[in-house]
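Undergrad: According to Swiss-Prot:
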type	residues	note
INTRAMEM	87-107	intramembrane segment
MOD_RES	19	phosphotyrosine
MOD_RES	20	phosphoserine
MOD_RES	23	phosphoserine
MOD_RES	27	phosphotyrosine
MOD_RES	36	phosphoserine
TOPO_DOM	1-86	topological domain 'Cytoplasmic'
TOPO_DOM	108-162	topological domain 'Cytoplasmic'
């Protein structure tokens, strides 16, 4: 009655001498073909979204509902999750992909044509700015700070309690 979402795990164990390595056949890696569909999350960005019925609804050992209620609620959960996801992706995926494409294209253009030339220009100009700043510091700021320091070096405070 419920929607089956689990895949059966089948493994075949053979000794190395049970088949010939020189038979001309290439044996496929079973992990590559565990799912016949295309991997739409190759970098595992959404691996934390594996949400199942047992993750949302759980009955403790001491209290259980009827088996038919549990099976029907599990089936309804899976079907509604499937249908709502498909419904939302039909109406939101294309507009959001369009907006994300425009956003990333704009950011790429700004980075390539404005930000990086500005940074490179600043890096080219910085050595001369550094020389000018060092001269201004040595000529104006250093003597001023030295004079203020000498003025305040003769100040002494004495605290007396009355």
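Every residue gets a Cβ built from N, Cα and C, even glycine.
Show me how these features fit into the shown structure, please.
TA: Averaged over the topological domain 'Cytoplasmic' (1-86), the predicted model reaches a pLDDT of 69.
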Undergrad: By DSSP assignment, list the helix, strand and coil residue numbers for the topological domain 'Cytoplasmic' (108-162), in that order.
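TA: Final tally across the stretch: 46 helix, 0 strand, 9 coil.
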